[in-house]
Amino acid sequence: MLKFAVLCFLVIMASTFAQKCGDQVCGAGTCCAEYPEIHCKRVGQLYDICVDSEATKDSGNHLFFCPCDEGMYCDMNSWSCQKKTSGRSE
């Protein structure tokens, strides 16, 4: 019985943290990107092409690319993910 309760808890937690994206559900480390179709895409890593994390469509999805992973920011001059430095305020 305890195993069943733990399994139910894990399923509920997974569905809470997942993002619905068209017919898919995006998990951790991904975002829902649109163009040419809606699909789950990995969040930006160092030097990946990115979009500002605030740039979302009305649907909450990102257009073209995902924002950068934690600890990084999207440099809008180069449109690439860069590491945050201690002197940078976001």
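Backbone N, Cα and C atoms are what each Cβ position is placed from, and that goes for glycine too.
Record note: of Q19, Q82, Swiss-Prot gives the feature pyrrolidone carboxylic acid to Q19, with no matching annotation on the rest. Looking up C31 in Swiss-Prot gives a disulphide bond whose other cysteine, out of C8, C66, C68, C74, is C66. Swiss-Prot lists a disulfide bond between C32 and one candidate from C21, C50; that candidate is C21.
Listed recorded positions near C74 (disulfide bond): none (candidates C21, C26, C40, S86; Cα-Cα distance within 10 Å). Residues within less than 8 Å, Cβ to Cβ, of C21 (disulfide bond) and separated from it by at least 6 positions along the same chain comprise C32, I38, H39, C40, N61.
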